[in-house]
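Asks: This is the feature table in Swiss-Prot:
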| type | residues | note |
| --- | --- | --- |
| DOMAIN | 141-334 | domain 'Peptidase M12B' |
| DISULFID | Cys247-Cys329 | disulfide bond |
| DISULFID | Cys289-Cys314 | disulfide bond |
| DISULFID | Cys291-Cys296 | disulfide bond |
| DOMAIN | 346-434 | domain 'Disintegrin' |
| DISULFID | Cys406-Cys426 | disulfide bond |
| DOMAIN | 581-615 | domain 'EGF-like' |
| DISULFID | Cys585-Cys597 | disulfide bond |
| DISULFID | Cys591-Cys603 | disulfide bond |
| DISULFID | Cys605-Cys614 | disulfide bond |
| TRANSMEM | 650-670 | transmembrane segment |
| TOPO_DOM | 671-709 | topological domain 'Cytoplasmic' |
| REGION | 690-709 | region 'Disordered' |
Amino acid sequence: MKTPISSILKSNGLGIFLYRSFITSTAVSYTYDRQDVRHSQSLSSLKNCNYNGYVAGFPNSIVSLTVCSGLRGMIQFENVSYGIEPVETLSGFIHVIYENTNQQAKIPDLGENQTYSWSDELDYQFRSNMKKSGFAVLRPRYIKTDIVVDKKLFDYMGSDTRVVLQKVIQIIGFINTMFSKLKLTVLINSVEIWSKENRIDFPEAPENLLVQFLHWKHKYRPQHISYLLAFVEHPASTGALYPGNLCKPIYGAAIALYPKGLSLESYSVIVLQLLSIGIGLTYDNADSCHCTGDVCLMTPKAIYSGGVKDFSTCSLDDFKYLSTQDLECLQDLPMERQKKKPSRPRRICGNGILEMNEQCDCGTLKNCTHKKCCDPMSCRLKSKAVCGSGECCGQDCKVKPVNVLCRKSKNECDFEEYCNGNDAYCVPDTFARNGQYCDSGQAFCYSGLCMTSNNQCMNLLGKYVRGASFACYEEFNSRNDRFGNCIRKFCSFENSLCGKLVCTWPFKRLLMKDNMSAAYGQIRDDLCISLYKGGRPLKTTLSTYSDMSERDETFVKDGTICGPDMFCLETQCKETRFLVDFQQCNTSRDCNDHGVCNNFNHCHCDKGYNPPYCESVKGQFGSIDDGHKYYIDEGKSAKQQNRGIHPKQQLQLILYITLPLIMIISAVFIKQSKLSRLCGRERSEGTSCITEDSVSNTKMTTNEGSTLH
């Protein structure tokens, strides 16, 4: 039973510093319907609403929140923890806070339990001789995981896939808050919910269940560490894994059992302890291990205790050593590469970039583009100048009119941009959204480029070189050497087109290219070539790069097609539905099938169709982002988005309004003329003439008179 300590929490009542997300850009969830049909959905919409941090004013606190649909998560202070959830019967940012407690859950004593003794233990003798080093030597690392939820846990958590998914995200989010001292982040690569039935046999013994799950993992999730979250009402242990071997592909799985009545916070601690043991940490020795708080994370007491928990000095030393062992699953963070701290922004007049406190920047004194308008020494506008630099600033020192081209299209995935009539600088670059077909349906647009292997080979080796056949790619990328690999290992069959770039070599001479070595292979009718760019391969990879984002031009680029509706991403072949978010922009629904979605998730319309919804309007085209003027139909009037109404449409509008008005006035004038002639004739005959106005006036007088009586 949740004990409310505060029934209402306003959104501005909690100050929180939020940090990075932990859902990968290609993360996906899998569920099963009543017919046992599997459905997949991208988690990209949840990527930027799951965060970790702390309560402002309470440095020794921890917060893990998801704000995707209301505020959900956990808040920890020194010795107490609270859960927070939205009140579904109330509207607005109103939430319930309750203290996290375990409802008489029977949790095995990890201090005495030998769950892991059936596996080979690591040799930890190095710790006694290891010199303690400063915490600053640790650098950010991440572990990618595939999470699986069994049928019983799905039912225990409410039998609602949306709610269960949110709870899984909460668990991983809370784990990341505890791992923050180790600078370690657990990333969610996928979440599979066995909502219909379990996909494997469930033996009673956890170690036997682990063997069953490993077979499933090797078949369906071979790339990353896999975790099975399973419900057992009264388990004999907390789970199963191979201690210290989790980073080895053959042993890369773990089972975490969820007892009845356990809080989500306590279960998160169980999952964290299992993961820590899996990478090589051990339980703490109470006599020699110490932590900043009352409870250390790698102790049995941590599962029962509320409040902030921390890794001990023993765990820190162990992890420092493990981080030097080039464990395959401990990778450098791809989204937060170690960069130099950005220097304080300062103005540099003459660099051609408009910066703070500058009115203009036309370049150096010698190369100033607008000498009549801008002083290149002070970056100030000259007298009477409206602008002094920029693509849309004319030599007359005035902003160019709307519809003037300011940036040409580079390729079929890139769009033209126009001056909007208001700004001296061209609008931001617009291009087709990632995943849009190009090259007659043979490739995909990615980051504004049409990603074809032909173009990549031509850019690397010259205009006569083309991309190789699948047979060449398969031959080279299965070699598992520096000329054929997927960075850290050989490419599996399905990823063959996403590793090293393989091209056809049409020449009879050998390649002579600085800092490049080449391997050749005659495969069927083609002479194929693969390149290696200088340097000695790292210990943990088959290249000179440890991070996917740093790989050189001898690797296939992200976005390259690798099958029907498939694209390469970080040397893996993925389905395009994980790349494209159709909820934000859909060409059929939003663009009327007469345009494509751009990088702002707005429609870029074909010629003859008007943005934003690509409705048929003669002469219109483009998007609301490219700077050109377009029209929005409001009722019966057309209103221009940027600057006034087009002269041609102004004339049409004038005619539409004035012609009916002239006709009405003419009709009234003709009617009055006829009445005047009729009255003139009747007066000459001595009869009275009563017009509509006179009748109306007579009635009004009579009514007023009767009112006075």
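Even glycines carry a Cβ here, placed using N, Cα and C.
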Asks: Least buried of the disulfide-bonded residues Cys426, Cys591, going by other Cβ atoms within 10 Å?
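Replies: Among the disulfide-bonded residues Cys426, Cys591, the sparsest Cβ neighbourhood within 10 Å belongs to Cys426.
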Asks: Whole-number Å only: compute the distance from the Cα of Cys597 (disulfide bond) to the Cα of Cys603 (disulfide bond).
Replies: 5
Asks: C-alpha of Cys603 (disulfide bond) to C-alpha of Cys314 (disulfide bond): distance in Å?
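Replies: Spelling it out, the Cα of Cys603 (disulfide bond) and the Cα of Cys314 (disulfide bond) are 56 Å apart.
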Asks: Given a 10 Å Cβ-Cβ cut-off, pick out the one of the disulfide-bonded residues Cys247, Cys289, Cys296, Cys585, Cys603 that has the most other Cβ atoms nearby.
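Replies: Output for this query is Cys603.
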Asks: Given the disulfide-bonded residues Cys291, Cys296, Cys314, Cys329, Cys614, which lie close to Cys591 (disulfide bond), meaning Cα to Cα within 10 A?
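Replies: Within 10 Å of Cys591 (disulfide bond): Cys614.
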Asks: Using DSSP, how many residues in the domain 'Disintegrin' (346-434) fall into helix, strand and coil?
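Replies: Residue counts for the domain 'Disintegrin' (346-434) by secondary structure: 0 helix, 14 strand, 75 coil.
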Asks: What mean pLDDT does the predicted model reach across the domain 'Peptidase M12B' (141-334)?
Replies: 87
Asks: Taking every protein chain in this structure into account, which of the disulfide-bonded residues Cys291, Cys314, Cys406, Cys614 has the most other Cβ atoms within 10 Å of its Cβ?
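Replies: Of the disulfide-bonded residues Cys291, Cys314, Cys406, Cys614, the highest Cβ count within 10 Å belongs to Cys614.
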Asks: When you put Cys289 (disulfide bond) at the centre and draw a 10 Å sphere around its Cα, which of the disulfide-bonded residues Cys296, Cys585, Cys614 have their Cα inside it?
Replies: Cys296
